[in-house]
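**Student:** One structure, as structure tokens, below. Some questions next.
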Amino acid sequence: MSNIIIESDKDNTVVLSPELAHSADGVEGYDAELEYTVDEENRVRRLVDTRLMPWILFSTFILNMDRTNLSNAISGGLPKNLGFTITVVNNAGSMYAVLFSIAAFAGSIIGKRFGPHRVIPAMVLAWGIVTLSHGFIQNASQYYLIRALIALTEGGVIPATLVYLGSFYKRNELATRLSWFWGVQSIASAVSGLMASGLLQLEGVNGLNGWRWLFIVDGIITIISAFAFWQALPRSSYHTKDGFLNFGGWLDERQSRIAVTRVVRDDLLKLQYEALVTLKDVWETLVDYRVWGHLIITLIGLTYGTPFGTYLPTIINSYGFNVYVANALTAPNAIFGFLTMTTLAWHSDKYHERGFHGVFTQVWLLIGFLLLEFLPDGTSKGVMYFVTFFISGAPSVHPLNIAWMSENTAPIGKRTVASGLIIGFANIYGTYASQIYQASDAPFFHTGNFIILGFVSTALLLWLNQKFLYLRLNKQRAAIWNAKSEDEKADYNATTTHKGSDRLDFVFKA
């Protein structure tokens, strides 16, 4: 299945290999006989990058701006104004993690059922209304309610987006685009910090706290954006004329067919892209130990981000910077993280390697948290801020892990379920991660940092384990497959009940 496309050295033309005889039923725009040049394909990919991806990146920008504003609001006095301590914030964070994870698991399935191009705008509108509502809460009970609603409305959008992007990009293009996706979240964190440094100074205007203005402004921006997404996201690369913000379509007929065909030829499973997820798909995903390897990497490897990210403005403030400067100083941290994340993902796609790239990030984090934990409390505020800058700059390998899991998980139903699960696991860890930094450990959180060191060390070992698992499986399967005669291989293909990544001829990327 790896030799689907042949590239001619003479005319740079891409044609199908003779053995490709699949039907395109249900996949509009797919043409098994279509020939096109590499230059034409590159042109189509650039059009998708420049016309679709900006809207996708803006959607995740809005998402993370709305998620990050909580840490800014905490530093701006939200707990004090509402009459509770960070214990309530931590407990609400744990609740948020559970509900977000439930919504995330459902998000990919709902996206498949109703179409990501419609589900994404609906979710953005829903959480925009809830974000706006944050500006009017009066006590702890209302805080818990609003945080529950924001989790349920935000949780499904990322897995729905992953399903959506899979129909536009080839496998070796996805990690880079996902790094843009999560990288823009870092930019959103930076913008949110800068916005907070200004909006928090509206304290008392019209009788409202500054943090209330922060939520109100973010909510209004999000609600307006939802209507833009509704008119900008096409159903597929064959329907780019959908919505008045696409201005009559950004791919012509031939380009549309190339866009669909090139993605299907890269991964024939996408011939069943429109198929709905079944209970059997759910079960097969839940019992796949390889998928669980990626889920556990997510669960352990992302843990540090919740306590460190939530209290980053507070930590910087504790070094002697005033609250407005502390929020503004989170911006360079986020931008640095964006640059390193996108660079790492690009390098991973270019050299077709995943596992050691993940290990690299864990080593970076180990160094950072060792400094944060063991530098003396009297160290100058400039040095301590630089340590937070260094930690924030560790390239996130979450998009890399998602791409790695996706390319090694088949068939398409299992891949869809796994996409929802991994986003759920990327949030469920918040149930315990929210409790790592305690009020009694403030403001330097030495005990919490020591706990984080344990998680980072474990994540390093998990990345190594997953890489060598795939290398071992490839070696074992190749030995069995290569020992078969051509007749035995043909008999296997005709009679096997193995599907997708369980097939003997499926090669894992390590």
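Each residue, glycine too, has its Cβ placed from N, Cα and C.
Unlike curated entries, TrEMBL annotations are predicted automatically.
What TrEMBL records for 52-466 is domain 'Major facilitator superfamily (MFS) profile'. Under the heading transmembrane segment, TrEMBL lists 82-107, 119-137, 143-166, 178-199, 211-233, 291-312, 324-346, 382-404, 416-437, 443-464.
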**Student:** Counting CB pairs under 8 Å, which listed stretch among 82-107, 119-137, 143-166, 291-312, 443-464 touches the transmembrane segment (211-233) the most?
**Tutor:** 119-137
**Student:** Please average pLDDT over the domain 'Major facilitator superfamily (MFS) profile' (52-466) for the predicted structure.
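**Tutor:** Value for the domain 'Major facilitator superfamily (MFS) profile' (52-466), mean pLDDT as a whole number: 90.
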**Student:** Test of understanding: applying the rule of at least three C-beta pairs under 8 Å (pairs 6 or more apart in sequence), is the transmembrane segment (416-437) touching the transmembrane segment (143-166)?
**Tutor:** yes
**Student:** For the transmembrane segment (443-464), which recorded stretch in the set 178-199, 291-312, 324-346, 382-404 gives the largest number of Cβ pairs separated by under 8 Å?
**Tutor:** 291-312
**Student:** Would the transmembrane segment (416-437) count as touching the transmembrane segment (82-107), if touching means at least three Cβ pairs under 8 Å and pairs must be 6 or more apart in sequence?
**Tutor:** yes
**Student:** Look over the recorded stretches 82-107, 324-346, 382-404 and say which has the most C-beta pairs under 8 A to the transmembrane segment (178-199).
**Tutor:** 324-346
